[in-house]
Every structure is written in structure tokens, then in C-alpha cells.
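Feature list (source: TrEMBL):
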{"type": "TRANSMEM", "residues": "6-23", "note": "transmembrane segment"}
{"type": "TRANSMEM", "residues": "69-86", "note": "transmembrane segment"}
{"type": "TRANSMEM", "residues": "148-168", "note": "transmembrane segment"}
{"type": "TRANSMEM", "residues": "180-201", "note": "transmembrane segment"}
{"type": "TRANSMEM", "residues": "221-239", "note": "transmembrane segment"}
{"type": "TRANSMEM", "residues": "259-282", "note": "transmembrane segment"}
{"type": "TRANSMEM", "residues": "302-329", "note": "transmembrane segment"}
{"type": "TRANSMEM", "residues": "350-367", "note": "transmembrane segment"}
{"type": "TRANSMEM", "residues": "373-391", "note": "transmembrane segment"}
{"type": "TRANSMEM", "residues": "398-415", "note": "transmembrane segment"}
{"type": "TRANSMEM", "residues": "421-441", "note": "transmembrane segment"}
């Protein structure tokens, strides 16, 4: 049984830590970082706030059921490779191109005005979809795992609104860091305590008897999973405004170490989730549905373990919603080019943020969770092709971005009759190679 009053008290205490930030940015952008450069400690925490999300925790649970015990290593390896690749691109952009303040300035420098306008619409659509997906997955937890009505999601959205919009970037940094520590404590202490109490051999015997397929690995499926995670994670990170703000605010001499430490810390999350799945979900064995598996996961014999897991999942989703909401507001601010529009946005940003929260609350149940999730991974894999653009010497025209949309809709139709993972991999590869070939042609023309 979960003590929800204790969770509400914990959330209230967290909001008290950022109460002095509320309304602090009444005359300037609520979304700017403070001017000093970010060092190793803060940079690692700020990166992990973005990496350790509720989507990652739920997908790690799902992959453990579908692909077995090796899935944690595959997801971790794909994520580390994505973070390493992102680091190389950010270091190249920071050193070679001397970028301006934001991600959109960088994309505007890579594209013509028409291509940039097209890409802006595509990125906004992706941000909206990511925000709706985080809300839909949170609602899924409340309804099917915790058996709570819809107002629980509304309370979570209000909690996010206070520290992400009212308190601004400093609110996300403060509460996000505390929530990050709570997540790591939960996903580490719960499986470790269980294994120390019951023993590894006992859990292995139960695993072999009740769920032998968990130890079997299909190499083809694991390779497909690796490339799917790589493309989706790399695609969404390359157009993540929050990630670019952090990367461009880092000390150049610390950037390499920050990304390496963050990658090492992030890899522990899917591994811990896989280890967590073995004693709690497998032993009670209620099939392969993710709802049944999560229901088993929250049937831990200790009320303290259940409380820790609940805090971890809710904290991860609140961080994900907060970053998506603030990034969407940041994109709106970037388009307010005139002084009048920017002034209006600064004065009404709190109302705009609250309206977005209300819209997301009413819209998230209008679509099935599977459709929202598939739309998200297809959009993210489409952005994987943008990696080929950062080494071009000429600006990209609109005609070269059209294939991304064409491949998206073609593969979306094929997804209905084929496997989702293979279609996601195919979509990302098609977008990447189409732009990579364009890059080669442009370099040949220059010669």
C-alpha cells in the first residue's frame, strides 16, 4: 500500500526549496541559464536530469520482458554510444563554428530560411508529441498500476508547472537534481537490498523455473534493439534545446569529462532496472503485458521498497514533463523576434505555460498510448539523419529535407504490417543515408 500523503508532503517540501525563485525572472527570459560556465559536478547532474527520464525506466522494463536479461546491456551500450556521438558534435560545433546562444541559431546557420522554417515546424511537432507522451505514460501508471483517477495526473502537472514555469530554469536545476538523487537511490538500494536478503542463487533458480526465456537471447532482435535505441536517443538529443543549452554553457576544458561521467552514470539505469525486474516481476509471473509486469513490480514485500519505486517513477516523469514544457516555451520565445512580441511573451509566459498544461491534460487521452509512442519514436529516428548536416560546407536546402517526411509516412504505413523495431531502424537509416549522400555530393561539387 502506497502512502500518498507522504508523497504529497515530499512534493510540497521540494517546492519549498524553489519558492524564492518564483517570479524572479519577471523582466527577462525565464528560460536562460545563469551567466557563469558549468563545471563537472553541475554539468553531470544537468545532463542526467535529461537522460534519466520516465520513458527510459518504462522502456527498460518493457525491454526486459520482451528481450530478456541482455536487454539492459544493449540499451546501456546504445545510450553510451549516443552520448559519446553527441559530445563529439557539440565539441565540433563549439570549437569550429563558434555558435551563438541556442540550438535554433545553429540550425539556422546550417540551413536556408525555408529549410529552417520547415525544420522548426517539425521540431515543434516533436516537442508537443514528447510532452503528450510523457503525460500519457504518467496517466498509464496512475490508472493501471496505482489505480488512481485522472486528477492524480493533473496534480503532477501542477507540481511540474510550479518548478518548471514559475521557478524557471533554476527550479528545474534545483528540484531536478534532488529528484535525480532520489531516483538513483531507489533503483540501486531496492535490488541490492533484495539480493543481499534472499541471495543470488535463489533468484536464479526461480528465474530458470518460472521464466527460462528471460535468459535466452536472440541476436537478431538484440541488434535491432541496439540500432533502434541508438537512432531514437540520438535523434531526440540532437534536436533537444535543453541539451544544447547545457552543452554550450559548459566549460570547454570540462566538456569531455562531463559527458564521459554522465554516460557512465546513465548506463547504470537500464542495468539496475533489469536487475530490479528479476526478483519482483518474474517471481510473480503474470504474463508479458507491461501493465501486469508493473503491477507485479509494485507488489514488493516491503512498504519502503514500494515507496522508493513510486518516488523514482514519478520523479523521472516529472523531470521529463518539466524539460519538455520548458523547451516548448523556449521555442516560442525564439520566434518572438520583434520587441513587442518578446515583451508580450515575457508578461504572459506563466499564462501560456498553464494553458499548455491544461491542453496536455485534456488531449493526452484522445489518442491511444501506442500511437503516441510510435509517432514519437518515428519522429526521433527521422532526426537521426540530421547528424550528417554538421560537417557540410554549404547550407541545406528545403528539397533535401523533404525525403525525411516522405520516409516517415512510408515507414508509418509499413509499420502496421511489419515489426515496429525494424521499421524504426529502417526509417532512421534512410534519413541518415539520404542526407549523407547529399553531403558527399556537395563536397564533390566544392572540389
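Here the Cβ of each residue, glycine as well, is placed from N, Cα and C on the backbone.
Please treat TrEMBL annotations as automatic predictions, because they have not gone through curation.
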Winner by Cβ pairs under 8 Å against the transmembrane segment (6-23), considering only 69-86, 302-329, 373-391: 302-329
Cβ-Cβ under 8 Å with the transmembrane segment (398-415): same-chain residues at least 6 beyond its ends: 111-112, 114-115, 118-119, 122, 374, 378-379, 382, 385, 423, 426-427, 430-431, 434-435, 438
Can you work out which residues elsewhere in the same chain, 6+ from the ends of the transmembrane segment (259-282), have a Cβ less than 8 Å from its Cβ atoms? 40, 43-44, 47-48, 51-52, 56-57, 60-61, 63-65, 69, 71-73, 75-77, 79-80, 83-84, 86-87, 184, 187-188, 190-191, 194-195, 198, 203, 206-207, 210-211, 214, 293-294, 296-297, 299-300
Answer with yes or no whether the transmembrane segment (373-391) touches the transmembrane segment (148-168) by the criterion of at least three Cβ pairs under 8 A, sequence separation 6 or more. no
Are the transmembrane segment (69-86) and the transmembrane segment (180-201) near each other by the rule of at least 3 C-beta pairs under 8 angstroms (pairs 6 or more apart)? no
Out of 69-86, 302-329, 373-391, which stretch touches the transmembrane segment (421-441) the most, going by CB pairs under 8 Å? 373-391
Please indicate, using numbers and ranges, the residues of the same chain that are 6 or more beyond the transmembrane segment (69-86) and have a C-beta under 8 Å from a C-beta there. 51, 59-60, 63, 214-215, 217, 222, 225-227, 229-230, 233-234, 237-238, 243, 247, 259, 262-264, 266-275, 278, 387
Under 8 Å between C-beta atoms and at least six residues away from its ends: which parts of the chain pack against the transmembrane segment (302-329)? 1-3, 6-7, 10, 30-31, 49-50, 52-58, 124, 127-128, 130-131, 134-135, 137-138, 141, 146, 156-157, 159-161, 163-165, 169, 172, 176, 179-180, 182-183, 185-187, 189-190, 193-194, 240-242, 349, 352-353, 356-357
